[in-house]
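Enquirer: To start, I am sharing the structure in question, which I have written as structure tokens.
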Amino acid sequence: MKTPRGSVLVLLLLNLLRVSWAQSNCIRPSIPGIPGIPGKPGSDGKPGTPGTKGEKGLPGLVSHLNENGEKGDPGFPGMPGKVGPKGPIGPKGVPGPPGVRGPKGESGDYKATQKIAFSASRTINHHQRQGQPIRFDHVITNANENYQARSSKFTCKVPGLYFFTYHASSRGQLCVDLMRGRAEPQKVVTFCDYVQNTFQVTTGSIVLKLEKDETVFLQATEKNALVGIEGANSIFSGFMLFPDTEA
């Protein structure tokens, strides 16, 4: 079907008018559109230059804070601190009172008891010098060998209580000293008896607490009529009573 030539011309004219109208609209100012969405804040700018020094301020008010106030109430006790290190050992205390007496112990074995005893007689019949040990040269008994016949001295080897005795025959006055000690023995007792031109028997005894290495012996004095003959013997004896359990 053919289109009329007049219709085509009309269409061309309309297109030309539209183009010219559009061009005229582009030349004239347009109306502002709707504002867009605000953008994100920009990054911080660089620091500005220092400002000028300000003027001096006014003087401040005088404060009274340095004055001490009234004493406050005591605070609450604090928490206990940690346990400190162990201190040094203190001085030794005074001895306590004696304890109660313990029960009686069992019977001991008599065989285990120290056996110390001696007995020696004098067989020498010559004058004994003053200040010298009286010689008892003949050993009768010497359990544990604590008596030395050569020196006529008893030497303590086991500390304890000891009993000593002597029986001396004499013709005239007689005095003897019983001596004890270590390097320098001391006189303990003196036994004397006085008669003239007749036989007599003098005796004496003593209990001593001896320490280890102490000696015991009889010593002659200026009154010395001691004899040692058959029928008129002189004897020196001793034995331990009890050992010292604390030694």
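Each residue's number is its place along the chain shown, starting with 1.
Every residue gets a Cβ built from N, Cα and C, even glycine.
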Enquirer: Let me make sure I read this right: Swiss-Prot says Cys192 forms a disulphide bond with another cysteine. Which one, out of Cys156, Cys175?
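Expert: So the cysteine paired with Cys192 in Swiss-Prot is Cys175.
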Enquirer: I want to verify one value. Collapsing DSSP to three states, which class is Pro98 (4-hydroxyproline)?
Expert: coil
Enquirer: At the Cα level, what's the spacing in Å between Pro35 (4-hydroxyproline) and Pro80 (4-hydroxyproline), rounded?
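Expert: Cα of Pro35 (4-hydroxyproline) to Cα of Pro80 (4-hydroxyproline) measures 73 Å after rounding.
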Enquirer: For Pro35 (4-hydroxyproline), what is the tally of other C-beta atoms lying within 10 angstroms of its C-beta?
Expert: 6
Enquirer: Determine, to the nearest whole angstrom, how far the Cα atom of Lys53 (5-hydroxylysine) is from the Cα atom of Pro98 (4-hydroxyproline).
Expert: 93
Enquirer: Looking only at the domain 'Collagen-like' (39-98), what is the model's average confidence as pLDDT?
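Expert: So the average pLDDT across the domain 'Collagen-like' (39-98) works out to 81.
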